[in-house]
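Just below is one structure, and these are the notes that go with it.
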């Protein structure tokens, strides 16, 4: 038996009567009120979602040309006039016929691929052919094939998922009954029936539910990740008509499809009557029906037009800073390539001029055919000018791998490997929410190692967002006795028909206040206390859900809602005897100290960030109409009746004290409405609710007009505890050189208190507070702060605290530069009373004025713009849904995971990727320069001693795998060393792992090594009878050995995979050379066997290795000995074990690490 059903309720009715019959009162113990002229009025959700950055068409204005008509239960008529999409979804990108052209088109968006395609095409021309036509295409074809296979596999999985989704079954009203129909065949305008625990196949407007009041409960986990149940309502006018679907006539005029899952704006016309529809009347695809037997609705959006599919766009695309910097070096390499080609062409021109009379017989340019073969033809010679032209482009073809085509695919593979290890890091797994780290943007892993500015939300990011009611101020009197003894209070419960109901969560109570509520309304003080807790129980959107316990006679009331603050306040009201036990579309039921009372909900203005408050108008059991309002003090005190000035003053004093303790505060007010006020509000509310143009603005205006002259009832104080490990994490990040900005909507006192508890602020910091109400005042405060910091030279101990009002003048005027100058000199920045759009503005302010990397982290929808504005966005999968996660590049469960993410994985990723890019430049340039040196000894022609297949396989097989393995597995320092010494993170901030200087050092080393590889065999075999193919094999093997040993010299942590990759590549290169030389049709037939059996071959190989790498080894040794880097010092300390014996420079991070996952 459901205790909610045991509460006596009148049968449902919705008469349209005169204004005179406003009330009726029933039994003494179960008081109820019905409003004859209004019926059992459903809850209206007005003034919702007014955040400017979150507004879409559904919450702004809708014009007739932007509307669409849906005829209820008439899909033929609906789809005849409008070409609506079907309900079939398609997340797959390709089909069998479009895969090849579309995939190639997408891949060739990379300019490098176009470059190699042009090279391959040039090689097909007879005048420019250097390599075999097949061999020249192979590198590009290999890269394209690998990417195509990966894309095809991913798309196959999408196709399979689409088929499963589209073939699910739903009940659709057809031919006078509900029939099963595949989801993909559902059309707009059809009426569908969804049963309990089923998932909705489309977006539908509710017509009726199994609950006679029209309420339905849905879970939106699949849509936004929130597990709390939400209520949606069918219109009272459609409940009775839905019983006879055959005669149901009407249409819906709604906005066109949009992505805003929190907004919907439409009108319904039935029997000539116009009804307004809002977000509370629509259920979206992906939602799951809960605690409701069935629901009927009409399809308004289907398939790709549903809000769920429109939001299925994934994380935003960003490019890493390292890859952007890499493009500069690629341009430099391109210029270097042009220089080499120009040198080859110019020297060839000089040589041709000098030897123009010998071209008939001289080697490489012989024009005459002296063979005695029949039909012999002279060699083609195109003349001096054309030969120079062709030489240049032939050089481009020969030296093409100077631009490393394999680098792109290598970077992708390395990032996938890095993401795998980040995702499976047990120390970034949150047991409380059972959530692992998510890497949603693979292409910016290395940016995690270069963060300089961190912008963090507070609520839900630094704190748990699990609110606990702490104390209250009623009529200016503080009730904050929070002695531990109070925790032994058994908690409030009621008995209904032998069933005990009690709140699911217990709240510590103030004994004085508890005793006051027990006295009823015996005194004025007790009356105000009762009004206060009645306000908390009634002024909200919480849904009470009754759940079973192990004791069949005891049931728990669980309060589900979208706001943790509201949940805490309703639980507090229940603890003091005001137990909310039922909410429907038109009324709420509250048990007040054993007496069940029913309140008709006449109207509800939900919270929005413009008003910063919410209000509800109730028809009370005493036949009065009362307005209850709660909101932020900044918005509430301005609408209070000034005659209560003394109470307001005392309340402000208590609010300041609460905020100084780090508590979140709200102010509660109320007033009774007379008949004329109510009727005036009701007519305005009805007009605004049914408006299709500017509805949100009209509702805000209606709310603002009624929310005036309030009597202050009291204020609440809620504690939002810091997440575990936040203080240690912030201190480590600051030691790492990361400037932490905390952006919060809380009061300044609350924000400062949290700043101290989180170690963002310290007691020895000098605080610069800027609270300005004008542009001139703001400018003067900033200039004084700038001068003060510059004169005292104490930037390391200065904290800047600025409020949202001041930021309005800063962000909208020319003060951004001044604020940036001040902030750069401060070690901590705290912004309070900040609106969501200001968060993004602050990030943009810093991002546009520095080349340093920025990271933003948050957990709610109000953090989305900030997350997307920053170079790196991190979402917390917390209590406020998944909007932040869906907009982020990385997602995790707790703020403290930023420490291992940045200081460990970020450092590793940056170091590895920077080294890998430089190494790829080096290994390709070595090979190209060997080919270039050879040109100088072949009359400046573009012939090569190295076989074309070795040229192709060099960057694909011979040297590619080791660099990928090192990029994924190598670690320059251990995890604990990086955590214990956050200063080591500065390596990335200072770009020590990759820079233009390092690039030029690498190129100088490349020139030396290529010269050693080429000239040692050249001079060793000078004057001998060795053929060019044998010499080419020696150069190939020497190059592979040298570049792999070069890599081996830089490996820090060896394992069997690293050994297999490096030494295996050398062995694989030798095997490939042997296989190529045993093919009779190739020019180097048996060459390796001829040269490999001589002692000179092995001597040259040894001499090349020593000569190439000895200078590098010596310089590296001297630099590390005389000018060691921080990383080198830390590495040596690791080897010697001195870190374990000494005190860490940073803070001990063991306290903020999760235990390994089981």
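Glycine residues also receive a Cβ, built from the backbone N, Cα and C atoms like all the rest.
What Swiss-Prot says about this one:
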| type | residues | note |
| --- | --- | --- |
| REGION | 1-30 | region 'Disordered' |
| COMPBIAS | 1-15 | compositional bias 'Basic and acidic residues' |
| TRANSMEM | 101-122 | transmembrane segment |
| TOPO_DOM | 123-127 | topological domain 'Extracellular' |
| TRANSMEM | 128-150 | transmembrane segment |
| TRANSMEM | 330-351 | transmembrane segment |
| TOPO_DOM | 352-391 | topological domain 'Extracellular' |
| TRANSMEM | 392-409 | transmembrane segment |
| ACT_SITE | 457 | active site, 4-aspartylphosphate intermediate |
| TRANSMEM | 915-934 | transmembrane segment |
| TOPO_DOM | 935-948 | topological domain 'Extracellular' |
| TRANSMEM | 949-968 | transmembrane segment |
| TRANSMEM | 999-1020 | transmembrane segment |
| TOPO_DOM | 1021-1027 | topological domain 'Extracellular' |
| TRANSMEM | 1028-1050 | transmembrane segment |
| TRANSMEM | 1057-1077 | transmembrane segment |
| TOPO_DOM | 1078-1090 | topological domain 'Extracellular' |
| TRANSMEM | 1091-1115 | transmembrane segment |
List the residues of the same chain that sit at least 6 positions away from residue 457 (active site, 4-aspartylphosphate intermediate) in sequence and have their Cβ under 8 Å from its Cβ, in sequence order, or write 'none'. 742, 743, 744, 839, 857, 858, 859, 860, 862, 863, 866
Taking helix as H, G and I and strand as E and B in DSSP, count the residues of the topological domain 'Extracellular' (935-948) in helix, strand and coil. 2 helix, 0 strand, 12 coil
As a test: from 101-122, 392-409, 949-968, 1091-1115, pick the stretch that has the greatest number of Cβ pairs under 8 Å with the transmembrane segment (999-1020). 1091-1115
The residue listed as 'active site, 4-aspartylphosphate intermediate' falls, by three-state DSSP, under strand
Out of 330-351, 392-409, 915-934, 949-968, 1028-1050, what stretch is closest in contact terms to the transmembrane segment (1057-1077), meaning most Cβ pairs under 8 angstroms? 949-968
Summed over the topological domain 'Extracellular' (1078-1090), the DSSP helix, strand and coil counts are 4 helix, 0 strand, 9 coil
Is it the case that the transmembrane segment (392-409) and the transmembrane segment (949-968) touch, counting contact as three or more CB pairs under 8 Å in which the residues of each pair are 6 or more positions apart? yes
Write out how many residues of the topological domain 'Extracellular' (1021-1027) are helix, how many strand and how many coil, based on DSSP. 0 helix, 0 strand, 7 coil
Selected stretch (most C-beta pairs under 8 A with the transmembrane segment (949-968)) from 330-351, 1028-1050, 1091-1115: 1028-1050
I'd like to know the mean pLDDT over the topological domain 'Extracellular' (1021-1027). 85
Give residue numbers and ranges for long-range contacts of the topological domain 'Extracellular' (1021-1027): same chain, 6 or more residues beyond its ends, CB-CB under 8 A. 1087, 1090-1091, 1096, 1100
